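Before any comments, here is the structure.
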Amino acid sequence: MLKNSHIYIIWLFGFISGFNVMITGNTLNYWFAKKDIALQTIGMLSFITLPYSINFLLAPVFDTVQIKYLNKILGHRLSWICLTSTTLISLIFILSFLDPSTDLVLLSFIAFIISFFSAAQDTILSALRTKIVPKESLGFTSGIYILGYRVGMLLASSGAIYLSIYLTFNAIYKIFAGVIFVYLILLILVARYTNSFDVMEENTSYSYVARCYAIADMNLKNKFFIKNYFNYFKNFISAYLLKIFSGFYFHRNDINLAYYIILILIFLVLYRLPDNLINVMINPFLLHLGYNAFEIASVCKFCGVMGAIIGGLIGGIIMKYKNILYSILLFGIIHALSHIFFILLEINGKNSLILFITIGVESITGGMTMTAYIAFISSLCQGKFRATQYSLLSSMMGISRSIFPIISGYMVVNFGWQNFFLFTTIITIPSLLILLKIKTKIN
């Protein structure tokens, strides 16, 4: 049975996840752009969010390892949340004394570590959320979680950029540390009313990893050292992927499973790539056009989030009448065309009306594509390994966000803003062609 305390906890989970992702994401990106850090450098620093791409690898650790002393006081899950939160508070407080102009390398390194612990905390919260919420309440609590997530994002992005009119970012990051401290205290107080935090159970998805190591170790003796370990890694990955994706539903049983898994992974990376390239460069672009902090905070961040929510609702309604593959193809085409508005904005210069239309159209269509994207991933996951399947597939979105945008700054410097946005429109085509290739094979 779903308790009121569970609702508060789920909202807090969503809030802190959305809040943390902005601390080392868009808000830090804006700070870099405001400090006139080179576009090439800003693009390269997208790697800071890389830990979010591999957080599924951390899950077995948090499921099995106990923190000796904290575990006795707070329980297994809450002790991990406490440890990651206090670490985040300390790191963010240290970061608040640095300046991107003079301490860029150290600041970026600390931001990367912050992302690591934020991603780790997300993994813990996701596992805990599935344990304390009854299956019949998953839909309702997902809405509560998303609401908290959006509120956290707004405060840490739009709110922070608006505050930068009156405060330095050093002061704002000290406030960030304070918010996480208050969150931790609230979570501990609310958690005292439920025993759900102490639940531990075996995860069959992760128990299979050990068996994959055994498979990988077969027939690798008496080989050259480097080749031996290369083959070990290759065999482990093959055994792991083929097993966890063996539940995928395909129309034919004789198709090459590994081939289509690779195509699906490539599609998931490329489909989100245009948005991720733009997200890294959007703050420098708007500052380049002459927009101030208030305009960016209100139109681009606040209205952008509202547009994404509206787009998500529209996408959900359309998918009630159209299948997922049709929707993700249609939404992808519409969203790609929306990027043309950025070219119009660059041609016309600072224009509030065009900016509002551009952000509105891009955000709404982006919300539609994201809804179809998540639904597509969810529809692929079958069998007892569906949790691991979902974690791995959704991590492709993180890879697209953290690795490939490294080149975005170089693209702008060498080819200009108009060609950059034209590229983000065209790059959608390969992902849609891959979708057409695989859609005949997937149920």
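The backbone N, Cα and C atoms fix where each Cβ goes, and this holds for glycine too.
According to Swiss-Prot, the transmembrane segment annotation covers 5-25, 42-62, 78-98, 104-124, 143-163, 230-250, 254-274, 299-319, 324-344, 354-374, 393-413, 415-435 (among others), on the basis of sequence analysis.
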Which of 254-274, 299-319, 393-413 contacts the transmembrane segment (143-163) most, counting Cβ pairs under 8 Å: 299-319
Leading contact stretch, 5-25, 78-98, 104-124, 254-274 vs the transmembrane segment (415-435) - CB distance under 8 Å: 254-274
Stretch among 42-62, 104-124, 393-413 sharing the most Cβ pairs under 8 Å with the transmembrane segment (78-98): 104-124
For the transmembrane segment (254-274): best-contacting stretch of 5-25, 42-62, 104-124, 324-344, 393-413, by Cβ pairs under 8 Å: 393-413
Stretch-level contact, the transmembrane segment (393-413) and the transmembrane segment (5-25), CB cutoff 8 A, at least 3 pairs: no
Long-range neighbours of the transmembrane segment (5-25), counting only residues six or more past its ends (CB under 8 A): 48-49, 52, 88, 92, 111-112, 114-115, 118, 121-122, 125, 128-129, 132-133, 141, 144-153, 155-157, 160, 173, 176, 179-180, 183, 186-187, 190-191, 193-194, 196
